[in-house]
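Participant: Structure in C-alpha cells, see below.
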2 protein chains.
Amino acid sequence: MKTSLLQKARAQYQPKLPKGLQGAVKVKEGAATQSVGDQDEIKKLFPNTYGMPIIEFVPGEEYAAREMNVGIILSGGQAPGGHNVICGIFDAVKRQNANNKVYGFLMGPGGLVDHDYIELTSDYVDKYRNTGGFDMIGSGRTKLEKEEQFEKGLEIIRELGIKAVVIIGGDDSNTNACVLAEYYAAKNYGIQVIGCPKTIDGDLKNAQIETSFGFDTATKVYAELIGNIERDANSARKYWHFVKLMGRSASHIALECALQTQPNICLVSEEIEKEDMTLNQIVEQIATAVAQRAEAGNNFGVVLVPEGLIEFIPAIGRLIDELNDLLAAHGSDYKDLDKDAQHAYILAHLSKENADTFATLPEDVARQLSLDRDPHGNVQVSLIETEKLLSNMVGAKLDEWKKEGKYKGSFASQHHFFGYEGRCAAPSNFDADYCYALGVSAANLIANGKTGYMAIVQNLSAPAEDWKAGGVPITMMMNMERRNGEMKPVIRKALVELDGAPFKKFAEKRDEWARETCFVYPGPIQYWGPSEVCDRETRTLALENEAKK
Amino acid sequence: MKTSLLQKARAQYQPKLPKGLQGAVKVKEGAATQSVGDQDEIKKLFPNTYGMPIIEFVPGEEYAAREMNVGIILSGGQAPGGHNVICGIFDAVKRQNANNKVYGFLMGPGGLVDHDYIELTSDYVDKYRNTGGFDMIGSGRTKLEKEEQFEKGLEIIRELGIKAVVIIGGDDSNTNACVLAEYYAAKNYGIQVIGCPKTIDGDLKNAQIETSFGFDTATKVYAELIGNIERDANSARKYWHFVKLMGRSASHIALECALQTQPNICLVSEEIEKEDMTLNQIVEQIATAVAQRAEAGNNFGVVLVPEGLIEFIPAIGRLIDELNDLLAAHGSDYKDLDKDAQHAYILAHLSKENADTFATLPEDVARQLSLDRDPHGNVQVSLIETEKLLSNMVGAKLDEWKKEGKYKGSFASQHHFFGYEGRCAAPSNFDADYCYALGVSAANLIANGKTGYMAIVQNLSAPAEDWKAGGVPITMMMNMERRNGEMKPVIRKALVELDGAPFKKFAEKRDEWARETCFVYPGPIQYWGPSEVCDRETRTLALENEAKK
C-alpha cells in the first residue's frame, strides 16, 4: 500500500482527548431518562434498556484491568473519522488489558451475520490513523432487525469471546443497535451493544448529540469546492453555477455550506415544505434573483440545492406518493407500453391534482419519475438531476421575461453535484479528535458494563480538553414513527429547524447575499496551520451552541 | 469583503524568491536565439524581436531608480497564482521607484482596447496576496490581433504614461503579446510588452518553460478529489467512478492526476490518436479491466477521462471535421428540420466512412455533434459528457459479455467532471512562489528595457532560492501553424509526449494499477505543514526534470 506524503505526516497526529478520558476514567451517572416521545410504548418495547441514566466520564482512579474482547461494525454510508472511532476503541480496549482482542466485522452488519471478520492488530490499525474512508473493515447496508440475524451473530460473538459489539452508524443503524441490545439483554446473553453517531448528513442530532461525526469534514470539503467555484464565477462573470449537495432528506449540508461560503441562493427543503411552495415558485424566486443581479451587470452567481429538494416540494411529494402506489399496483401491464403510452397511462390514472402537477414537469423529469424505482418500490429521487432541472426552468422563465421586456441580462449555467468527494476525505482535526474520543468513550461504556448506550461527546465548541464524554441511552432519543405502514420505535431524524439559530442566521443574511456578491472562500482543510484555521467547528455547531448559552 | 480565516492567515505568507531576484538584479545575457521552427518566416515576421538572447537575472549592484508605469492584463481562463504575478510586478515596480504606477486593465485584453482600467494601490493589492481567482482585475477572451486594437490601446497607454504592458496568458495570448511587442517596436512607440506563462492545462511548456503556472494547484485540487473518490470506491466497493478532467486538447492534467492518485484507468488522448483507436476499442479496453477486476471480486474502480478525448479519436475527429463543414455550408435549410430528419440528412450527406462512424454513436452524442456549434462554427466538444458516454457504452458491452458468459460481475457507475473546482483555488506554495517570482522577473525585464520577452523561472524542482529567473524571447518558442486555413506564427502547443518521462512512468505502472487497487490519497493542499507535504512540485515536473539530468 503506497501512502501519500500527507497521509504519512498525518499518521503522526495524536488526537486531542477530553480531560475526562485522558487517564483513568470514572462513571458519573445522571438521573433516569425518558424517551423523547411515546414513553409508554418505548418503555414497553425496551424493558431492559429503557430509563437508564445519562453517563459522563470524569477523571478517576486506576482500576484492575478488564477483560473485554470487542467487535466493531461500520454501517451505511462513509463518513470521515470512522477509522479514528475504531482507533479510539482499539487503544482504549488494549489499555484495559493488552490481551483483549478487537475484531472488525467486514462490509457492514452483514459481516456479523455471515461471520466475516478480521482481528485488528496494532500494525494494521496504525495504517489507518487519521485517515478517511471505511476501507479498514468496509461498510454495508444490511439491516440488523431480525431475531435470526441476532442469533446467527451470537454464534460468532460466542466463538470469539466477544463481550460487546460497537455499531457505528446513522439513525437507523443506531435504532437497530438498540433493538439488538434489548434483545441480548432480554435473553440474558451478557452481550453489550453500543452505538456511535455517524453521518455526514448531520441529521442524527438532538439534545444529547451535538453533531454526528463526518459532517464537519464533508461540509468543509464541499465548502472548499463551492468557494473555488464562487471565485471562478466572480472572475469569469458569465456563469450561474447550480451546485447540488448530498445530504438525503435534510438540508443541513447545504445550509452549513451556505453559512461558510455565502452563495447568492441556497434552497432549504424544510422551508419549501413549510411554505408549501411549488416548483414554479422556486424557479421564479431564483429567476428573480438572477434578473436583479443582471440589472447591476452581474450575470453570474452560485445556487446551492439540497439533494432531497424534490420530495419536499409538497405538490411533487404528493405526486410521487401516488405514483409509487400506482406503479406498484399496475407494474407489468404498464411496463410494456412505449414512452408516450406510459405518459398517457399515468396522466389517465392519477388524481386531478397530481395529474396537473405531472403535466407541468419537464419531459425528462416526468420520465424519471415514471420509470426508476428502487428495490423498495420508491422513486430514486437522488437520480433526478435537480440542479439541471432548476437551471433549465430558470432559463425558460428568463426567456419569457426577456420577451416581455422584464429581463435584459444573459444567462448561462454550469452544474455540479458534490457528495462522493467529501464522504471519504481525511478527517479534519475536529473529526479526528471527536471520533477518537467517541471511540474511547465507547470502550469505557463497555468496560463499565453498559449496553443500549450511544457514545457521546458534548461541549464541542470548547477546546477538545474541555469536551465532555459519556453515553446516552439510545431509548432516550426514540419515539414511534410510521415506517412502511407500521408504527416503529425509531430515533427521531433531525431536519433543519426553521427556528434554529443556523437557519435564522442564514435567513437574516440571504437577501444581501442574493443581491450583492458576498462570496467567502474557505479554502482546503488545513491540519498544521494556525488553530483558528485548523480546529474551527462548523458554523451550524457554533451557532447552535451559542444559542444554548 | 468578508474573508475566510484561511485567507486571513494566508495573506501573511511571504512568497520565497530565487536568489537572483532577492536584492538588486543584474542581467546576464546568453547567446542569440532561433525560433523552434520555420526560422526564416518567423524572422521575417518579427524583425525587431527575433533572435534576442535568453536572459537570466543574477544578484547585482543597486542602480538609480527607474521610472516605469506598468499596465497588466489577465487573459483567458483563470489559473491559481495570477494574483501573485500581479503582486510580484507591483512590489518590484514600486521598489524601482515609489512613484511608479501600476494599472490593471479590466476583464482581459478588452480593457486595454476599451480603456477600462484601475490603478492598483497598496491597500487593494494586499487584499489579493496569495489568493486564487482573477477577480482582482478580471479576465477575458478578447484576442489582441488587429492594428486598430493596438492603436486604440496605445491611446490609453500614452495617457497613463505606461512604459510596458504585461500580458498574463496561455499560448495564444503570449503569441499575441509578441505580435503586439513587434508592432510597437516596429513603430518605434517605445512601449514594451512582456508575457507570462499561465494555464492550468499545462500545454504551455517547452525547453524554456518548465511548467505554466496554475497547473500545480489545479491538479492538486483535482487529485485531492480523485483520491477522496478512490477511497469512497474502495470503501463502498460497488461503483465505477468515471471522472472527466478539464485540460482542453492536452491530457497533461489527467496524466498528472493519474501519477498522483494511481487510478485503475487513465485515458490519454495523445496515445489514442497515435494508436488510431476507435471509440469501440477504448470501450473494450475499459470493459476488459472492469471484467478482470470483477473476477477478483472487485466491482469498483476509477477511470480518468481527459476533456479533449473525443476529438482525438481519429475516426470521430474526421467525422467532426466533415460535420463542421457540412453544417456550415447547409446551416439554415438543415436547421428547420425535426430531429429525425436532421439525423437522416446528416447520414445522407456524409462520406461513407464518416456516416458509418456517425451511425454507431449513441443517440444523445450524435445529437450533440449535429447540433451545438460554438461562435466559430465548431462543435463544442467540452459539452459532450464523455464520462457518461463511456460508462454507458462500457455497461452495454458488459451486458453483451454477460450474455455470452464472459463476465459475471456487477457494474454500476457514478460520474464527475472537475474543472471549475480547481481553476480559482488559492495557489499552493509552489504556485504562490512561482507566480510571485514570475511577476518580479517581468518587472525586471521591463526595468532593463526588454520587449517581446516572456518572464520565466527555471530549475523548479530545486528549493525556491535556487530557482533561476529571467526571460526568453517569445519568438524563440514559435513556429508556423495552420489556423483557420492560414499559416500563422504561433507558440507551439505542448501535448503529452508519449516518449516523455511522465507518460513512460504511467505506462510502466498502469497494468498493475488496473488489476490491483493501488489508489493513493493525496489529501488537500497544505500551506503550513512539513515541507515535503507543502512544497512538493507536480509529478510531471519532477519526472521531467529528473529525466533532464
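Including glycine, each Cβ sits where the backbone N, Cα and C put it.
Below are the features I grabbed from TrEMBL:
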ACT_SITE  A:Asp201  active site, proton acceptor
BINDING   A:Gly77  diphosphate binding site
BINDING   A:Asp171  Mg(2+) binding site
BINDING   A:Thr199, A:Ile200, A:Asp201, A:Lys238, A:Tyr239, A:Met246, A:Gly247, A:Arg248, A:Glu307, A:Tyr420, A:Glu421, A:Gly422, A:Arg423  substrate binding site
DOMAIN    A:69-352  domain 'Phosphofructokinase'
SITE      A:Asp172  site 'Important for catalytic activity and substrate specificity'
SITE      A:Lys198  site 'Important for catalytic activity'
Participant: List the recorded positions among A:Asp172, A:Tyr239, A:Gly247, A:Glu421 whose C-alpha is within 10 Å of the C-alpha of the residue listed as 'active site, proton acceptor', in sequence order, or say none.
Facilitator: A:Gly247
Participant: Chain B sits near which of the recorded positions A:Asp171, A:Asp172, A:Thr199, A:Asp201, A:Gly247, A:Glu307, counting only a Cβ gap under 8 Å?
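Facilitator: Cβ contacts with B: none found.
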Participant: Select the closest residue to A:Asp172 (site 'Important for catalytic activity and substrate specificity') from the following binding-site residues, measuring between CA atoms: A:Gly77, A:Tyr239, A:Gly247, A:Glu421, A:Arg423.
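Facilitator: Nearest in space to A:Asp172 (site 'Important for catalytic activity and substrate specificity'), counting only the binding-site residues, is A:Gly77.
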Participant: Relative to the Cβ position of A:Asp172 (site 'Important for catalytic activity and substrate specificity'), how many further Cβ atoms are located within 10 Å?
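Facilitator: A 10 Å sphere around the Cβ of A:Asp172 (site 'Important for catalytic activity and substrate specificity') contains 20 other Cβ atoms.
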Participant: For the substrate site made of A:Thr199, A:Ile200, A:Asp201, A:Lys238, A:Tyr239, A:Met246, A:Gly247, A:Arg248, A:Glu307, A:Tyr420, A:Glu421, A:Gly422, A:Arg423, how many Å separate the two farthest Cα atoms?
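Facilitator: Answer in Å: the longest Cα-Cα distance is 36.
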Participant: For A:Arg423 (substrate binding site), which residues in the same chain are close in space, meaning a Cβ under 8 Å from its Cβ, but six or more apart along the sequence?
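Facilitator: Non-local contacts for A:Arg423 (substrate binding site): A:Gly77, A:Gln78, A:Ala79, A:Pro80, A:Ile200, A:Gly214, A:Ala218, A:Met246.
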Participant: When you measure from the Cβ of A:Glu421 (substrate binding site), which residues in the chain that are at least 6 apart have a Cβ under 8 Å away?
Facilitator: A:Val221, A:Tyr222, A:Leu225
Participant: State the count of C-beta atoms found within 10 angstroms of the C-beta of A:Thr199 (substrate binding site), not counting that atom itself.
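Facilitator: Within a 10 Å radius of the Cβ of A:Thr199 (substrate binding site) lie 30 other Cβ atoms.
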Participant: Quick check: in three-state DSSP terms, what is A:Lys198 (site 'Important for catalytic activity')?
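Facilitator: In three-state terms, A:Lys198 (site 'Important for catalytic activity') counts as strand.
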Participant: List the same-chain residues at least 6 positions away in sequence whose Cβ sits under 8 Å from the Cβ of A:Lys198 (site 'Important for catalytic activity'), in sequence order, or say none.
Facilitator: A:Leu74, A:Ser75, A:Gly76, A:Ala79, A:Gly81, A:Gly82, A:Val85, A:Ile168, A:Gly169, A:Gly170, A:Ser173, A:Leu204, A:Ser212, A:Phe213, A:Gly214
Participant: Please compute the mean pLDDT of the model over the domain 'Phosphofructokinase' (A:69-352).
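Facilitator: Mean model confidence (pLDDT) across the domain 'Phosphofructokinase' (A:69-352) is 95.
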Participant: 10 Å Cβ neighbour count around A:Glu307 (substrate binding site)?
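Facilitator: Other Cβ atoms within 10 Å of A:Glu307 (substrate binding site): 26.
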Participant: Going by a 10 angstroms cut-off between Cβ atoms, which of the binding-site residues A:Gly77, A:Gly247 has the sparsest surroundings?
Facilitator: A:Gly77
Participant: Is A:Asp171 (Mg(2+) binding site) helix, strand or coil when read with DSSP?
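Facilitator: DSSP call for A:Asp171 (Mg(2+) binding site): helix.
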Participant: From the Cα of A:Thr199 (substrate binding site) across to the Cα of the residue listed as 'Mg(2+) binding site', what is the distance in angstrom?
Facilitator: 9
Participant: Please report the DSSP secondary structure of A:Glu421 (substrate binding site), reduced to three states.
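Facilitator: The residue in question, A:Glu421 (substrate binding site), is helix (DSSP, three-state).
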